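Undergrad: Structure incoming, see below.
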Amino acid sequence: MVGKSTLLSVLASASVAFAACSLDSHCPEETPCCSQYGECGTGAYCLGGCDPRMSFSLESCVPEPVCESASYTFTSMDGITSNTKYLGDASKSNWVYSGSPVIYNDNVLLTMSANSVGTVMASSTYMWYGNVKAKFKTSRGQGVITAFILFSDVKDEIDYEFVGSELTTAQSNYYFQGITNYDNELNITLSDTYANYHEYEIDWTPDEITWLVDGQVGRTKKRADTWNATANQWNFPQTPARVQLSLWPGGLASNGAGTIAWAGGEIDWNSEDIQNNGYYYAAFESVDISCYNAKSAPGTNSGKSYYYNSVLGTNNTVIDSKNATILSSLLATGTNMTAGESAAASGSTAASTAATVPGLTGSGGGGVGDNHSDDGSSSSDSSSGSATSSSSGSSSTGSSGFSQGDGSTSTSKSSADSLVANQERVLKGSLFAGIVAVVAMMAL
C-alpha cells in the first residue's frame, strides 16, 4: 500500500517533469496529446480522454471508436483491460480501467482500499446520443463517492453521483465543455442505494436529457433551456462520450474544503467495510448501451470512428469517419500511429522520456464527476433542488437534429471563446482519476 505522503511526493516531482496543457497552452510536438487530466504525453494520452482542443493539433488525438449497442454483464474480467495495456482496439476490449476492479458474485466491484484513490472503468466506445442503463449498488460512508456518467473528450458530461452518507439521494448533473454551473445539479430521491440494486438510466437526444431510476423519470433537461446568448451557443452536452463507472474519495483529507464538505466529510479509513473487506466497494451488475443510430449527423455511428475538425468542439464539428483507432505501441500518437511498432513486435521496450499512460506521471482532474472545489456547502445544500422519481415516458425519437450555434463548420474562433476563462479554472472530474494508476503501478 502506498502512503499518501509518498504518493503526493511522486505526483509533485512528476508534475515538474511533464508539460501541462489547457485551452491557452497546448501540448508540445514531442508529447502532443493532452489527457483528460491536463498533462501531455504519447500512447494512452492520445486515446480515451484526449482533448483535441488542448493537444498539439486536432490530429494528435486518436479517433474515437464509434458507438456500438451492447449489453454487458460482469461474470469475469474478459473484455476489461488495464489502461497500461489498451491501445485502442475496441473489438478486443469493452472497458478500460485504472485501479482495482474485482469480479464477485457476477458483479464487478469497483474497490477503494484504505488511503487509496479508488477505481474507474470507462467504455472503449463512444456514445453520440442514445440510451445507457447501469444496474448497481453504490458504496457507503461519508466522503465515499460512487459515479455513473457520460464524459466526452471535450468535457461534455452527464452525471449520476452518489455521496455515501446520503443513501436515499442520487445527484443528477450535466456540463457543457467543463464549464461549472452548480445550478445544473438536481437531486432524485429513492430507496437505500447501498442496500438495493437500482437501474439508473440516461436517455440523451439532441433535444433533451432524461434521467430515470428503475424506469421512472426523475428529471428532464431540455436543450431549449440551455441557450447562452452571450456565447451564441447551446450549453448542452452534445459530443461523443464514454460511459464511465467510478468509486473515488471525495473525502480525502488532502482534498479542498469544498470537495470534502460536498462529499459529506472526511473518509473513515477504519470503517466497517475497510475492516471486514479491506476496501470500500460499489457493485455493478450490468450496463446496457443503445446507440442513437441517426441516419445523418449528429448522432450517427455508421463509420469506424469519430474525430473533430474544429477546436470549437461542438456537435457540428464531429466527423463520423473510417479512420483507424489502434496504436502500434504506447509511443505512438494520432499523427504517427505506428511509432514503436518494431519494438512492440519484438517484445522489447523502446527508450522514451515521454509519458505514455495518463495518471502514471502526474495528478490532475478530469472526467469522473465534478470536484466541487468551488462549493463550500454540503451535497444536500449545494443542490438546486430535488425530485422524487415519477412515472412518465422517455423517448429517443423526434429530435430536431440541432446544429450548434449558427450551424457552420468553420474552424475559426467564435463567440465560444468568451467561455475560455471559465473553462480554464475548472478541473473537471474526480480528484482521484489522474492518480489511480500511480497507486496501481507502485503496488506491483
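Note that Cβ sites are derived from N, Cα and C of the backbone, with glycine treated the same way.
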Undergrad: Say Swiss-Prot lists Glu161, Thr259 as binding chitin: which of Trp248, Trp269 is in the same site, per that record?
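TA: Answer, per Swiss-Prot (chitin site with Glu161, Thr259), from Trp248, Trp269: Trp248.
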Undergrad: What residue among Cys27, Cys46 is stated in Swiss-Prot to be the disulfide partner of Cys34?
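TA: Swiss-Prot says the disulfide from Cys34 goes to Cys27.
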Undergrad: With the chitin site defined by the record as Glu161, Trp248, Thr259, how many Å span the farthest pair of C-alpha atoms?
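TA: That value is 13 Å for the farthest Cα pair.
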Undergrad: Excluding near sequence neighbours, so keeping only residues 6 or more apart in the same chain, what lies with its CB under 8 A of Cys27 (disulfide bond)?
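TA: Expected: Ala19, Cys21, Cys33, Cys34, Cys40, Met54, Ser55, Phe56, Ser60.
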Undergrad: To the nearest Å, how far is the Cα of Glu161 (active site, proton donor) from the Cα of Asn336 (N-linked glycosylation site)?
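TA: That separation, Cα to Cα, works out to 38 Å.
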Undergrad: Between Glu157, Glu161, which of the active-site residues has its C-beta surrounded by the fewest other C-beta atoms within 10 Å?
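TA: With the active-site residues Glu157, Glu161, fewest surrounding Cβ atoms within 10 Å: Glu157.
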Undergrad: According to DSSP, which of helix, strand or coil covers Trp248 (chitin binding site)?
TA: strand
Undergrad: In the structure shown, which of the recorded positions Cys34, Asn187, Asn228, Asn315 has the fewest other Cβ atoms within 10 Å?
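TA: Each of the recorded positions Cys34, Asn187, Asn228, Asn315 was scored; lowest Cβ tally within 10 Å is Asn228.
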Undergrad: Where the distance is taken from Cα to Cα, which of the recorded positions Glu157, Trp248, Thr259 turns out closest to Asn315 (N-linked glycosylation site)?
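TA: That would be Glu157, the closest of Glu157, Trp248, Thr259 to Asn315 (N-linked glycosylation site).
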